[in-house]
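A.B. asks: Features from TrEMBL:
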DOMAIN    1-293  domain 'Hcy-binding'
BINDING   211, 278, 279  Zn(2+) binding site
């Protein structure tokens, strides 16, 4: 299997055009993720938007990504025969739009998606009620799949799995967890138990890790392989630390694109099927992954 190259979601950053998506497509991404990670009906309503306008904004996030894909395909037709034009990858290929669903913690915007600690008052039913309409809208907006991202605990994974079944969602989904110790998800819940929820979910087509330092990914892939037969997706962050109190990334705590990409072939060798980048990675990161993976494919073909 040739790994995909998911593009990083713009982590809550408003997207006024499709230019960000185009940057990643021209870097070689095969999957683009909508800018809906922190976009929630409840959050929009708290800012004064009506329910109708809030739902329309969710749909717009998918429309923007789909429009970017269409524009990109048009550029591919006009590009050079070898698919490379001024460093841009202009190669017609299957491109998927993944509708991003961030955790309840992302809505709180207090960094709790990096702790998974929502308090005793937040139950399975609370989480299902919170996410239900948002998932319905994104599933019906033209996306190819749903990306449940940065899932910090077991209860939220269970909520997503039950919602997919209860609402009879027609498109597939992936479940992607985050870890801060390379063993468990950030809440301290067992990664094996969390990944097992995705494994048993009929709508889930992949399970993996995102927004986690690259140094932890090798061990996490090996752990997930113990409980899943589904493709494993990996899109780490740059390795930088996030300061939840100041709500900013701590500078100079991550790794370079060159170091990031040095991990990629090993991740693929031990089981990663989809590889990309999350927070603080850029189109340059994706382009470097794109350039690295064909070399691996050629090496495998010669064996």
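Positions of Cβ are set from backbone N, Cα and C atoms, glycine also.
Source: prediction; values computed, not measured.
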A.B. asks: Near residue 211 (Zn(2+) binding site), how many other Cβ atoms are within 10 Å of its Cβ?
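C.D. replies: Neighbour count, Cβ to Cβ under the 10 Å cut-off: 27.
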A.B. asks: Return the average pLDDT for the domain 'Hcy-binding' (1-293) as a whole number.
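C.D. replies: The answer is 91, the mean pLDDT of the model over that range.
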